[in-house]
Amino acid sequence: MPKREDIKRILVIGSGPITIGQAAEFDYSGTQALKALKSAGYEVIIVNSNSATIMTDPEFSDAVYIEPLTVEFLEKIIEKERPDALLPTLGGQTALNLAVELAERGILDKYGVQLIGAKLESIKKAEDRELFKETMEKAGLEVLRSRLVNNLADALETAREFGYPVIIRPSFTLGGTGGGIAFNEEELRDIVTKGLIESPVHTVLIEESVLGWKEYELEVVRDGAGNFIVVCSIENLDPMGIHTGDSITVAPAQTLTDVEYQRMRDAAYKVIDAIGIETGGSNIQFALDPETGRMVVIEMNPRVSRSSALASKATGYPIAKVAALLAVGFTLDEIPNYITGKTMAAFEPSIDYVVVKIPRFQLEKFPGADPRLNTQMKSVGEVMAIGRTFKEALGKALRSLELDAAPKLDLEHIREHLANPTPERISYVFAAFRNGMDVEEVHELTKIDRWFLREMKACIELEEELKLKKFDVEILKKAKQWGYSDREIAEIWGVSEKEIRKMREDNRIFPVYKMVDTCAAEFEAQTPYYYSTYNGVENEAVPSDREKIMILGSGPNRIGQGIEFDYTNVHGVWSFQEEGYETIMVNSNPETVSTDYDTSDRLYFEPLTVEDVLEIVRNEKPKGVVVAFGGQTPLKIAKYLVEERVNIIGTSFESIEIAEDREKFAKLLKQIGLKCPPFGTASSVEEALRVAENLGYPVLVRPSYVLGGRAMAIVDTPQELEMYVKEAAVVSPGYPVLIDKFLEDAIELDVDVVSDGKYVWIAGLMEQIEEAGVHSGDSACVLPPVSLSEKLVEEIEETVYKLVKALKVVGVANIQLAVKDEEIYIIEANPRASRTVPFVSKAIGIPVARIAAKIMVGRNLPELLSEYFPYPTRPGVKVDKLGESEILPTPWPKMFSVKEVVIPFHKFPGTDVLLGPEMRSTGEVMGIGEDFAEAFAKAQIAAGNPLPTTGAILATVADKDKREAVPLLAHLADMGFEIYATRGTAKALQSHGVEVKVVPKVGEGRPDVIDLLEQGKISLVVITQSSDEPALVAVSHGKEPFKVEGRRTVGYMIRTTALKRKIPYLTTVESLRAAVAAIRKMKKGSIVKVRRLTDTWKM
């Protein structure tokens, strides 16, 4: 069937901010689909609230909307753009839920929009647990015994009938949010109560437990003519009971017999058929009882998912692209296989290698959270590695995780840790074998298949052999074939990594590169996509004779280093291509656009370690390597690359070192006459106490060389300081801790700046909305700034100019400043792309990363900017021609843009929601408005914390904040809000003539503040931290397993209750001030105004 001619315009919904369970894979699949639809001749409209995405770049669609993903905003866009069809299968759970709501409210019918890619009843059959169960039973497929309940009593009754443990799954939630496993009645009460709140339809499914069964997934594709293929089988190394997003997975499945695989394949076809998926990709999960062979269908996703991104990268088969084309009427035998260029998409991929995916966790960011893995997803990113054998792929994947140090294991409790999996699970399996446990014993505790355990035990046996045969060439070869890195072998032999590298070179032990070609080398591949192996002879990655630039990616997503860096990398690749270079991408993250087969000229899917990068350099001999676009990951290895005489493109490594080393940096600032907050460094507790005494408390403590503020804190007392220094010493041994005077009540600014060595251009001047001391990655910010005088902006431009010239920046850099009493202080400078580059590019309409990349290969800045000139500048600044001054004019858009962050607190009940200098957000949204108030209000809606316009407010404000907070609360009372407050706050309000209802604090009588919140009477909580309330320490102190921090203050109880009840909360005076302005704006009239992104640049 050829493509459909009855539709011309297609609306695609993106997945919004990155959260746990919904990450960069949707930008990758969305970008792929947009390219496919445009090339098939359709007009495409994209809506997404996340500016850090390639899919919201204007060149991929006919109209881009960066607006909140709510039905109200979508209806406005549909009314304005009049699409013929809506494709909801590319934006994860978010887009599916919105499509269902748009259909059920009659909005799609009203504007004549048809759903393509998945029918409404199919989405419901797949997503509604009860309907899914009925549908499967009708099709003759076995599912787990389960019952849907909407209250606690029925849940308890069901659990008694099924017997504990039972699994609880809330309906229509993402990444298992609100679910869990209950082993007894007490746990059931707790999980069901939470689950009923989390589920948008307030129902949960109680399901019989299949803990310990094996879990498999099939990625399948079907077209309108009934053709059906399995793209990839994926086996979860971890058994059922751990969310598949938190499991180590292997493709293709290793322990299925052929008979079992055929049975599963047939079942998958029946599932798709019964649900009614006529076109597109789906992911189907099965559980298999290894004892009896009983197989049940667990669930299916009628959309592109995290697993389909993995399957695409593992096989080279672009599921999202194919699914988009199937949705508009093509069939599989009409779509080419883009990798071979010769076969069709109807061919099932076959692969002659093994792929391992391992999740990346960051539970240390959420003290008090339960580290045990269960059906609720907790990981923030993942890595993928390819090898010829399972051992080789596993070894490569483990080193791709970039875990700086081996996890501290609690060897006395190995058995307990094997039975209760945590993120360190795999380390405990290896530790068990090192301590003499056998495969049977470990299998009993973990239920990991014996085949995998035997493979892992063999690795430990090899380590023993290595110890016995030091410097033996044959054993070195074997270790390399089994996936061991030079560094690991060096540790076993007690020598340096360099010595092992030399030994390999002397004996000509090098990896060869093999191709990912979808067809096990049966046809010639057109798009070069490679992995390394020591299990091969022929090198398939034959370099061309073109000039090459190699770009290092940012590895697995994590807090502090997310999709924003991938965005910059991809823009870099395109720019270098436009300048005539061949581009080589190196990365290990399967979720990203950078690892798409058609982004760069050559893709190496490899770990970002010194060893792996040097081997690729040896093979490709690039003109230079780019380390400035991938966040901290490439910077960490830059030093070693320079030692091996690899050319670094852009800002020199010397400048990077000066900026990272506080002593050198302070010296440089002094030379050029700029200020930084007074500071000292300390290598011991005594020294730290001395330094802090001299500076005066509060002080900011942090280790050197770190991203995302790991182990950083604001400290008010010597006792707290002592605790922290002990902690930070663990983070970077051999590097001293830095202690800064903390500037209270300063305005913090974030500057993204570009320079070609002569000219300096501030691309984005952003003002942080949260007070100084909140990590800039966790603070909302606004562009252009709202509280700077003209004189101050000029001084900032001068300051930045001096610093950028002194650091000899070539390309892009990020500078953080604080302004206190009209004085400018430099907090830090990073001579690399920062996480705000995509936001700035979208706010000003100029692609910052692309310009920076071109400068790195010698282009001139004014000439590159002239393409976008004239752009809006500050009122009163007139510029006729670029380049008259070395300071180029700072863009000053007419529209205001607010970046707001999304923090996954609800995934970690037990963690306090106060913000501090340690970064904890996973993603971001952007709100655009005519003034700051509108932009802030839209950003709050987009981040899922919509501000109320009516109702009651609960206020409890610290003494130091009362002077500023009281008039703001009085404003809210004038706007008709009822105000409830605790004693001290109520007194301050009453003295200003504000009517208040006094509420007792916890322990002062009932009903107290917590009761009030639990009754659902409150629509907004304002609570700022008082100085007598210590912040929860942001790190866990290697306690016995599963113990929770003991400091539970009243403030903590209020904040966590608000979070649990989904009541919006404000924890700083700054955010309260912004919220008051936004609420006033919302009361005056609708803020549901939508504008094309490109129109916001023309205002």
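Each position is counted from 1, following the chain as shown.
The backbone N, Cα and C atoms fix where each Cβ goes, glycine too.
The shown structure was predicted, so the numbers you read here are calculated from the model rather than taken from an experiment.
Taken from Swiss-Prot, the feature ATP 1 binding site covers ARG129, ARG169, GLY175, GLY176, GLU208, VAL210, GLU215, GLY241, ILE242, HIS243, GLN285, GLU299. Taken from Swiss-Prot, the feature Mg(2+) 1 binding site covers GLN285, GLU299, and the record attributes it to sequence analysis. Under the heading Mn(2+) 1 binding site, Swiss-Prot lists GLN285, GLU299, citing sequence analysis as support. The feature Mn(2+) 2 binding site is assigned by Swiss-Prot to GLU299, ASN301, with sequence analysis given as support. Swiss-Prot lists GLU299, ASN301 with the feature Mg(2+) 2 binding site. As annotated by Swiss-Prot, ATP 2 binding site applies to ARG702, LYS741, LEU743, GLU748, GLY773, VAL774, HIS775, SER776, GLN816, GLU828. Annotation source Swiss-Prot lists Mg(2+) 3 binding site at GLN816, GLU828, citing sequence analysis. Marked as Mn(2+) 3 binding site by Swiss-Prot on the basis of sequence analysis: GLN816, GLU828. Residues or ranges marked as Mn(2+) 4 binding site by Swiss-Prot: GLU828, ASN830. Feature annotation from Swiss-Prot assigns Mg(2+) 4 binding site to GLU828, ASN830; the stated evidence is sequence analysis. What Swiss-Prot records for 133-328 is domain 'ATP-grasp 1', and it gives sequence analysis as the kind of evidence. Here Swiss-Prot flags 666-857 as domain 'ATP-grasp 2'. What Swiss-Prot records for 945-1099 is domain 'MGS-like'. For 1-402, the entry in Swiss-Prot reads region 'Carboxyphosphate synthetic domain', with the evidence type sequence analysis. Annotated region 'Oligomerization domain' per Swiss-Prot: 403-541, in sequence order. Taken from Swiss-Prot, the feature region 'Carbamoyl phosphate synthetic domain' applies to 542-944. Per Swiss-Prot, region 'Allosteric domain' is recorded for 945-1099, and the stated evidence type is sequence analysis.
Take the Cα of ASN830 (Mn(2+) 4 binding site) and measure to each of the binding-site residues ARG129, GLU215, GLN285, GLU299, LEU743: the nearest one is LEU743. GLN816 (ATP 2 binding site) has its Cα within 10 Å of the Cα of none of the binding-site residues GLU208, GLU215, ASN301. On a Cα basis, ASN301 (Mn(2+) 2 binding site) lies 9 Å away from GLN285 (ATP 1 binding site).
Using a 10 Å Cβ-Cβ cutoff, GLU215 (ATP 1 binding site) registers 23 neighbours.
Of the listed binding-site residues, namely ILE242, LEU743, the sparsest CB environment within 10 A is found at LEU743. Over all protein chains present, the Cβ of GLN285 (ATP 1 binding site) has 19 other Cβ atoms lying within 10 Å. Cβ neighbour count for ARG129 (ATP 1 binding site) (all protein chains, 10 Å cutoff from its Cβ): 21. Residue counts of the region 'Oligomerization domain' (403-541) by helix, strand and coil are 73 helix, 10 strand, 56 coil (DSSP-based).
If you measure from the Cα atom of ARG702 (ATP 2 binding site) to that of GLU208 (ATP 1 binding site), you get 48 Å. If you measure from the Cα atom of LEU743 (ATP 2 binding site) to that of GLU828 (Mg(2+) 3 binding site), you get 14 Å. In the predicted model, residues of the domain 'MGS-like' (945-1099) average a pLDDT of 80. Reduced to three states, the DSSP call for GLU828 (Mg(2+) 3 binding site) is strand. Applying an 8 A CB threshold to same-chain residues 6+ apart, the list for ASN301 (Mn(2+) 2 binding site) reads ALA126, SER282, ASN283.
Reported as a whole number, the C-alpha separation between ILE242 (ATP 1 binding site) and GLU299 (Mg(2+) 1 binding site) equals 14 Å.
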